[in-house]
Amino acid sequence: METSSSFKTSIVLVFLSLAFAAMSVHGQGLRVGFYSRSCPRAEAIVRSTVQTHFSSNPSIAPGLLRMHFHDCFVQGCDASILIDGPNTEKTAGPNRNLRGSEVIDDAKARLEAACPGVVSCADILTLATRDAVVLTRGISWQVPTGRRDGRVSLASEAQNLPGFQESIESQKQKFEVKGLNTQDLVTLVGGHTIGTSACQFFRYRLYNFTTTGNGADPSINPAFLPQLRALCPQNGDAATRVGLDTASAGRFDASFFANVRDGRGILESDQKLWTDASTKTFVQRFLGVRGLLGLSFNVEFGRSMVKMGNIGVKTGTEGEIRRLCSAIN
């Protein structure tokens, strides 16, 4: 029986490896191990850097994940989110509180010392995001590399990022334009399992949302409402941060979806995953609801991240390899 089980496990691992490899073909010139000859220690250096920063500040994990998402959805995955200057992406409203750029800068400095002018900031951000997820007990995945850094960064283009009050239909349209489907939407939003939000982005749901009942958003579990109001008083500090996954805010797991099912989603857009029929089915599949084909959140998250990491990539003679991630050469 042990031999049979081991054989089945091996088959599953081979299948997943082939699946990820197949997805990398669509990455417009990206491939796993792109730096294996030009900078053999590239991935190890990034991993070590992330580990160092995570040890002293675990919040860099959700910070890097959010930064990577915001980067890929504007101008593609080209590290344009990191460029300093007036009216660049990082100055846009949705990006002003992004965290983790110091991790990328540190990794870049180490890589420039080891392999000058070889590893792009775009690849560093993509690799660092994977490594951050692993540090929060998520499952690793192979990251196709070979991206080059973009030269364009405009705050005006960041205004179209999916928002915390947005309808599922609108979110689906924004994902579809990027080559991502409804399952990818649900899966990637599941990354909120390690995130936090400031009260200012959901407090409106707790008070005067309706003119009837307790005044709160009716999709919030009434038993959960007092806890949220205690964390975010009506006239309290709008900057106070609350875990988006109240069951396990620092652990990468599927409990976020259980929260959404139970009316304990923090952001309005998160809770809508359950109230919209087109996304509810995927939430149920991640939860293993009987009668539906189950999905492994950790495995599917890696797949969706590879797809997202292929958005608008620049390879070959496109873009550049920045010497500093915050400045165009």
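Residue numbering: from 1, along the chain as shown.
Using N, Cα and C of the backbone, Cβ positions are placed for all residues, glycine too.
A TrEMBL annotation is a machine prediction, not a hand-curated record.
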Of the residues Cys39, Cys199, Cys232, Cys325, which one does TrEMBL pair with Cys115 through a disulfide?
Cys39
Taking TrEMBL as the reference, Cys325 is linked by a disulphide to which residue in Cys121, Cys199, Cys232?
Cys121
CB-centroid shell, 8 A cutoff, Ca(2+) 1 site Asp71, Val74, Gly76, Asp78, Ser80, Glu89, site residues removed:
His70, Cys72, Phe73, Gln75, Cys77, Ala79, Ile81, Gly150, Ser153, Gly312
In whole Å, note down how far the CA of His192 (heme b binding site) lies from the CA of Cys115 (disulfide bond).
34
Separation of alpha carbons, Cys39 (disulfide bond) and Asp71 (Ca(2+) 1 binding site) (Å):
24
Determine the most Cβ-crowded residue among the disulfide-bonded residues Cys72, Cys121, using a 10 Å radius around each Cβ and all protein chains in the structure.
Cys121
Closest of Cys39, Cys77, Cys199, Cys232, Cys325 to His192 (heme b binding site), Cα positions, disulfide-bonded residues only:
Cys199
